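Residues annotated as transmembrane segment in TrEMBL: A:20-40, A:47-71, A:91-109, A:156-175, A:205-224, A:256-275, A:281-304.
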Amino acid sequence: MDFLTLLQVLDSTVRLATPLLLACLAGLFSERAGIFDIGLEGKMLMAAFFSAAVASLTGSVWLGLLAGIAGSMVLSGIHGLASITFRGNQLISGVAINFLAAGLTVLIAQDWFSQGGRTPSLMGGGRFNAITLPFADTLSGVPILGPIYAELISGHSILVYVAFACVPLTWWILFRTRFGLRLRAVGEAPEAVDTAGVSVVGLRYAAVAICGLLCGIAGAYLATGLQAGFVKDMTAGRGYIALAALIFAKWRPWHALSACLLFGLLQAVALRYQNIDLGGVIIPVQVMDALPYILTVVILAGFVGKAIPPRAGGEPYVKER
Amino acid sequence: MDKMPAWADAVLVPLISLILAALLSALVIVAIGESPIEALKLMVEGALMRSTGWGYTLYYATNFIFTGLAVSVAFHAGLFNIGGEGQATLGGLGVALVCLYLPWPHWSLALIGASLGAAVFGALWALIPAYFQAKRGSHIVITTIMFNFIAAALLNYVLVNLLKPVGTMDPASALFPPATHLPTFQEMFSSPESPLFRGAPANISFFLALIACVVVWLLIWRTRLGYEIRALGHSESAARYAGISPVRIIIVTMLISGALSGLMAVNTTMGESERLLMNATEGAGFIGIAVALMGRNHPLGVLLAAILFGFLYQGGAELALWTNIPRELIVVIQALVILFTGALDNMVRIPLEKLFLAMRRGNT
Amino acid sequence: MTDQAPAIELRGISKAFGPVQANKDISIRVMPGTIHGIIGENGAGKSTLMSILYGFYKADAGEVFIAGKKTEIPDSQAAINAGIGMVFQHFKLVQNFTVLENVILGAEEGRLLRPSLSKARGALKKLAEEYELSVDPDALVQDLSVGHQQRVEILKALYRQADILILDEPTGVLTPAEADHLFRILDNLRAEGKTIILITHKLREIMEITDTVSVMRRGEMTATVKTAETSPEALAELMVGRKVLLRVDKAPARPGAKLLEIENLRLTDETGVQRLRGISLDLRAGEVLGIAGVAGNGQSELLEVLGGYGTATGIVRVNGVEIPLSGTGCTGQARRAAGIGHVPEDRHHDGLILPYTAWENACFGYHRDPAFQKGILMNNAAIREDAKGKMERFDVRPPNPNLAARNFSGGNQQKIVLAREIEHNPDILLIGQPTRGVDIGAIEFIHQQIIRLRNQGKAILLVSVELDEIFSLSDRIAVMFDGQIMGFRDAAQTDQRELGLMMAGITQDPGGDPLAAIDATLAAKEAREAAQHG
Amino acid sequence: DPALIYDLGGKFDKSFNEAAFNGATKWAEETGGTFKDIELQSEAQREQALRRFAEAGFNPIVTTGFSMSTPIASVAADYPDTKFVTIDGFVDPAEHPNVLSILFAEEQGSYLVGMLAAMASKTGTVSFVGGMDIPLIRKFACGYAQGVKAVNPDATVIANMTGTTPAAWNDPVKGSELTKAQISQGSDVVFAAAGGTGLGVLQTAADEGILSIGVDSNQNYLFPGKVLTSMLKRVDVATAEAMTAGADLETGVKALALAGDGVGYALDENNADLITADMQATVEEAKAKIIAGEITVHDYASDDSCPAISF
Ligand SMILES: Nc1ncnc2c1ncn2[C@@H]1O[C@H](COP(=O)(O)OP(=O)(O)OP(=O)(O)O)[C@@H](O)[C@H]1O
Ligand SMILES: Nc1ncnc2c1ncn2[C@@H]1O[C@H](COP(=O)(O)OP(=O)(O)OP(=O)(O)O)[C@@H](O)[C@H]1O
Ligand SMILES: [Mg+2]
Ligand SMILES: [Mg+2]
């Protein structure tokens, strides 16, 4: 593989990893606070739709982003209501949210745009465009580093940079702030937080809201950054992959980055090298298609030990039965 | 002492939740400019008032019973098997191989053979994630998700490159030989005077599903293995204290779970399409999660929840047939049903408990 | 004294959990600068009452007065603001946080952690000196012994400047030395004018340290008396409603054949720390061998290995036959078949499946017994019948086999496990902490059962951190320290002081103040473990 | 009245189901007639919809997608007075006299757009994005590759498939990445036959400044001046014709090819600047030859193999 190809594969990795990363961090906040969330997929989808819909109606991608975040946060609110206030089953709530988003997005899209559950294609200001970082062009002549800067680091939409900046930010919030301390505590031992005089419910809602926010950005990135509009079911299972990455990362921000980059890389490689010809034997496309998933299992079983979730995860906090 | 009578918890709570879900669904229908009353009438008439409607409802329910049981068996051991989709896919492959490549003199024998094929293939597909979970601690949620994707790729390859008859467009296997045709409800219950279940896909595998419910019930609550499965699900350390091997239980449970998922293919692949299709599972593996959770992981609950979802599927088909309501409305209704009966049930339960407690206090 | 407002006054507190009336119209007054004891049977409502005072539960009715002022306590924050601190029966600590993080949780200085942490570090140091409450501020709580975890809880309260300290069964998990230490601290706090409420099942402690004591029964406050004006016997009777035998009567032992022989037993845990370092002992029919020791010195591991769910090296012979210590033959079921019964220390964690019914628990571990089978199915009717008998004979209350285990009180849960293991008639019975957290009525019963079994010629290996219990039940005593046995003593020929020193790893009496010597050996042990970790 | 049953992709797939819908709508507008339609949700509904419509007296019943042929074969005999149309599917007319099978020679249309692609390409590398690896998609790819090679035997054709789950038809993000990967391998014209995924392909091609080719319906308007052409499959015409014929529909097997404009390529104001007169002339010539039988385009489905590209 020559250098340029490598860069292109890595470039593709970054794009594919970004929505995973945002969703993964979203899940991290929620699950660190003890609220399991398999509804990442649904929230992303909802956000993808509302961001594209509002961007297309107003022509402003920023309003679209806000709408996407709002849509995702409404679902977060439902999840919070079910799993925090009414102490329901978090898995069921997540499943329901995925269904709800899959149905509602198409239903509303059809009602608003009558384009078969799609939004119109976004033009101009309705999309996040690639940002060229300063000096990218001038530096691109510099060997090795120049192309890396110009091709790989520069030239993504703003949300990509936001996503990557979220990693240190998440780490900092979790491990350097009061809020983070309490958030982690509430996912490990809510009764400790409660008896320390801090509201378990408040913290968990905050975590769920952050989760909604990040899923909102992830969805908006899909529909208005990577693409120019919403297509039904366009998240295509990325929420589940993000969940896998989260477990893979053992609920830690920097590891989440590595896990998402790894998934992105595996996909990028698989997309680029279909039908590999190994001296007469052609590896069928299906093998390459399944390769990221096979490798994930291999890596998980081979190199990553047991993942222990936050201790209070998945359990509603019940004081009186 | 309980806060409220068991019947209220088992009947009243789900019923009120369902009504709430229905009310909200009605609002959605109004919002897209249709009449909810008409819609409900169509659904009920289409799914429950005619034998053919039942034939479809029960056909779908059969799928959901199998996948729901699969999820719930795993749940009892504390394992979250999201891999029903992949296991059912492989089950389909098992059914197809058995039906296509073995000569069957009679459908009854073919049914046994195909069931075995489906169960074995489904179980084997669950074995690898189970082994990794038991031996390496690899989270079964991740591995089963991954195995769903891998199963889809595998089936795609097998159908397009190996099983598809030359010259056909459909990525599907050849039709199974007539001897493997399973009796449909129509053939079983119709007579020339009273035609019943005309054209409906429900077939004898529904009874297989009912048997599976009973067997799973016996397994979980009446056998040593079930006792050990539940013990492990509640407390691993206690299980070890009692001499129950977690590794063994995890593997055995997942084999059973995978086999149940796989058995779904007997209904779809052998009973309905009579050939192996690309996407025969159609998300039933995921519906199984909802069905299991709503059914509180009890076979009876699973059966009822599966029939409810079967009703939604068939009622939704009727809506799609006779109105302009987009098919996604059904997905929304399903979501609301899952949400209210499964996740927001305490919203109903807590006030009810208070009510019952107050009534009891009032009496004594 | 009389014109002074009480530090705490509760008036007419009532609380129901669904159909269970946990507290009924309870009133109580505690004067400042005193230690007030609360005793009562399991499930009497002690913890509930205190949790209400701390704002953890909300009372259905009643009023709270703090220092004479009516105070609303809707949540724990309000309680903390009112100067109340509480050490719960089940600690409320975040296991994978450091001590420091646990201490500041909820009482941080600002939005950022660093300043809070450094401030707390200083404050902890001062508190540690003031009250002899030293713990490593950077240790993870999950690595601390129970005693140290409790110190963290007390530090949490003191760090929040509590004037009123509630301790719910604080000594249930402590060694005598640790308990003495705790009481010294409580003494100091009282001297400073702080008010302390102490819940305990141990009458000795009540008599030793409290000024006044209240007795609770079935959700009601039945009596409040001055400690000086009562006696343990009187309190016990108030509590249980009948006379209680506070001492165990037992005839001298008549040891028989060697039923259990252990040679050079070694175990290294997954983090690489040696937990058992060459244990050798014999156990004879008809004797109780008590294993004393501070929790965490290998007793639990010893029981696990003998119970069949830990792998070790060495030789263990049961009735002269060697049994495997690893591999497929090393399971709980194999041990039961070999005649070893096991009452595990942690009933909630190991001995019971809490959501299982009493009858399901009553065959747990013996569920493959042929008597419980009917073809390929389990004979649930037979198991239920069997459980019913066990529950009646062991006086489990309520005697309802269909009730889930979690709905029984701690003492009755313990009885279910005991009944299961004893009625299966093992040659050897392993018992860990048989009376932890159990009220005196149940303690009396459990002790009688153990002695009865010994008199039938069974061999009993008893592990307990309660020296009182060790003394009153054992015929011989072994002391464990740091994975080794420090020595065997005849129960009749030793005393608490000698055992206390051995428990700290000191075999030779150094004379003078033993505390310094104890600290030194403990420090050496911790250093060794740290080295093994690295 | 006629009825129309869409395949699982749904009515608005921007592709052949939508073409059928458009044809039916056009028919309704022109004749003032009405038609009933349904979007299927599951395999089992195929037969159900057929029966329910037949019982309700709809005639003819037009269906799209090859998957409908088997259900029609099992239903048709029960409703001898109803005419069934299977677009893309094949039902033996000898066994079922009341069924019309309409088959398209997609390979011929793909051949022509392949030629255009080769002529428009400056790099000599063109590409193809398919939704899922199924025979129909291979048929498109195979015709396309043959057309490319006919113009430029040295040209490279990259063919990629999006995935193996149903999500493959609705994953524009992956379509987009595939396109980018193909661009980096030198492709400057990409043909998408991938449903909703194709939108991502066309979008990315437009963003990255290469040309794309739409499929089934005329998709030139989506990105005017950036879509080279669209491979047309006149499902709309076939649908409208069947509906016009009504109950008198002639059954049997109808092959729609270049002859009769059953398939073709789209030329309109949106791509007028992209297709030079030369290009058009060359393609028209090939078209004439195919119609005349002088050129045979190999049909992948006839023997599951392709001379121009390997899968
Ligand atoms: N959170 C709760 N929800 C429901 N019931 C509870 C709860 N906590 C306690 N109870 C019930 O209230 C009663 C009093 O319990 P409580 O824990 O106060 O007893 P206790 O006196 O502290 O007992 P112990 O000596 O065992 O600690 C018991 O019957 C118990 O079952
Ligand atoms: N959250 C709760 N909900 C319901 N019942 C509870 C709860 N907490 C405790 N109980 C019940 O309250 C009673 C006493 O509880 P408590 O926590 O004081 O346990 P305990 O009897 O002291 O046991 P232990 O030996 O563990 O100290 C038991 O019946 C227990 O099952
Ligand atoms: Mg208590
Ligand atoms: Mg207790």
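Glycine is treated like the rest: Cβ placed from N, Cα and C.
Only sequence-distant pairs (6 or more apart) were considered; of these, at least three Cβ pairs between the transmembrane segment (A:205-224) and the transmembrane segment (A:47-71) are under 8 A, so the stretches are in contact. Between the transmembrane segment (A:91-109) and the stretches A:20-40, A:47-71, A:156-175, A:256-275, A:281-304, Cβ pairs under 8 Å are most numerous for A:20-40. If you count C-beta pairs under 8 angstroms between the transmembrane segment (A:156-175) and each of A:20-40, A:47-71, A:256-275, A:281-304, the highest count goes to A:20-40. At the 8 Å Cβ threshold, with sequence separation of at least 6, the transmembrane segment (A:256-275) lacks contact with the transmembrane segment (A:47-71), having fewer than 3 such pairs. Using a Cβ-Cβ cut-off under 8 Å and counting only residues 6 or more beyond its ends in the same chain, the transmembrane segment (A:281-304) has close neighbours at 244, 248, 250, 262-263, 266-267, 269-270, 273-275.
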